[in-house]
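**Q** These came from Swiss-Prot, pasted as-is:
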| type | residues | note |
| --- | --- | --- |
| DISULFID | Cys4-Cys20 | disulfide bond |
| DISULFID | Cys8-Cys22 | disulfide bond |
| DISULFID | Cys13-Cys27 | disulfide bond |
Amino acid sequence: GLPCGESCVYIPCISTVLGCSCSNKVCYRD
């Protein structure tokens with residue numbers, strides 16, 4: 001539920017290594 005300050009509209013979340021995932025074109029963590 002916390003935004004990771006990254007979008008995933010065109011490319012995947014680089015912050016997935018930090019536990020972030022793509023949701024509604026924005027990377028979130030929990």
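Don't overthink the numbers, they just go from 1 along the chain as shown.
Here the Cβ of each residue, glycine as well, is placed from N, Cα and C on the backbone.
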**Q** If I take the alpha carbons of Cys4 (disulfide bond) and Cys27 (disulfide bond), what is the distance between them in whole Å?
**A** 6
**Q** Quick one: pull the CA-CA distance for Cys27 (disulfide bond) versus Cys20 (disulfide bond), whole Å only.
**A** 6
**Q** How many whole Å apart are the CA atoms of Cys22 (disulfide bond) and Cys13 (disulfide bond)?
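**A** A Cα-Cα distance of 6 Å.
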**Q** Give the distance between the Cα atoms of Cys20 (disulfide bond) and Cys8 (disulfide bond), rounded to the nearest whole Å.
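**A** Rounded to the nearest whole number, the Cα-Cα distance is 11 Å.
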**Q** Hey, does DSSP put Cys20 (disulfide bond) in a helix, a strand, or just coil?
**A** coil
**Q** Once the chains shown are all counted, how many other Cβ atoms turn up within 10 Å of the Cβ of Cys4 (disulfide bond)?
**A** 19
**Q** Please report the DSSP secondary structure of Cys8 (disulfide bond), reduced to three states.
**A** coil
**Q** Can you tell me how many other Cβ atoms are located within 10 Å of the Cβ belonging to Cys27 (disulfide bond)?
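**A** I get 22 for this one.
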**Q** In sequence order, which residues at least six apart in the same chain have a CB under 8 Å from the CB of Cys8 (disulfide bond)?
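**A** Listed in sequence order, they are Cys22, Lys25, Val26, Cys27.
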